[in-house]
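Asks: What Swiss-Prot lists as domain 'DPH-type MB' is 4-60, and the listing cites sequence analysis. Look at Swiss-Prot and you will find Cys26, Cys28, Cys48, Cys51 tagged as Fe cation binding site, backed by similarity to another entry.
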Amino acid sequence: METIYDEIEIEDFTFDPVTQLFQYPCPCGDRFAVSIDDLNDGEDIAVCPSCSLMVKVIFEPEDLQEYYDEI
């Protein structure tokens, strides 16, 4: 079973249109990351690659369109 560290609103993530990743600072010093396509496919968990903590991304599917417009 997954253990979710926190729930974070999508507006609190930074979006990089080049990598198409949403990122958010992790307590370990690295960053949680999830791709816009994963979110669009219904995957709402961002994982830190360094410490494996996970956060749930809170968003509505229509929120993603403004980010797709940046790509």
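Every residue, even glycine, has its Cβ placed from backbone N, Cα and C.
Bear in mind that the values here come from a model prediction, so they are computed numbers and not experimental data.
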Asks: Under 8 Å Cβ-Cβ from Cys26 (Fe cation binding site), six or more apart in the same chain: what's there?
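Replies: Expected: Phe32, Cys48, Ser50, Cys51, Leu53.
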Asks: Other Cβ atoms within 10 Å is the metric here; tell me which of the binding-site residues Cys28, Cys48, Cys51 scores highest.
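Replies: Its Cβ has the most other Cβ atoms within 10 Å: Cys48.
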Asks: Please work out the helix, strand and coil residue numbers for the domain 'DPH-type MB' (4-60) from the DSSP assignment.
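Replies: Looking at the domain 'DPH-type MB' (4-60) with DSSP, the answer is 8 helix, 25 strand, 24 coil.
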Asks: Applying the rule Cβ within 8 Å of the centroid of the Cβ atoms of Cys26, Cys28, Cys48, Cys51, what extra residues of the same chain belong around the Fe cation site?
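Replies: These residues sit around the Fe cation site: Pro27, Gly29, Asp30, Arg31, Phe32, Pro49, Ser50, Ser52, Leu53.
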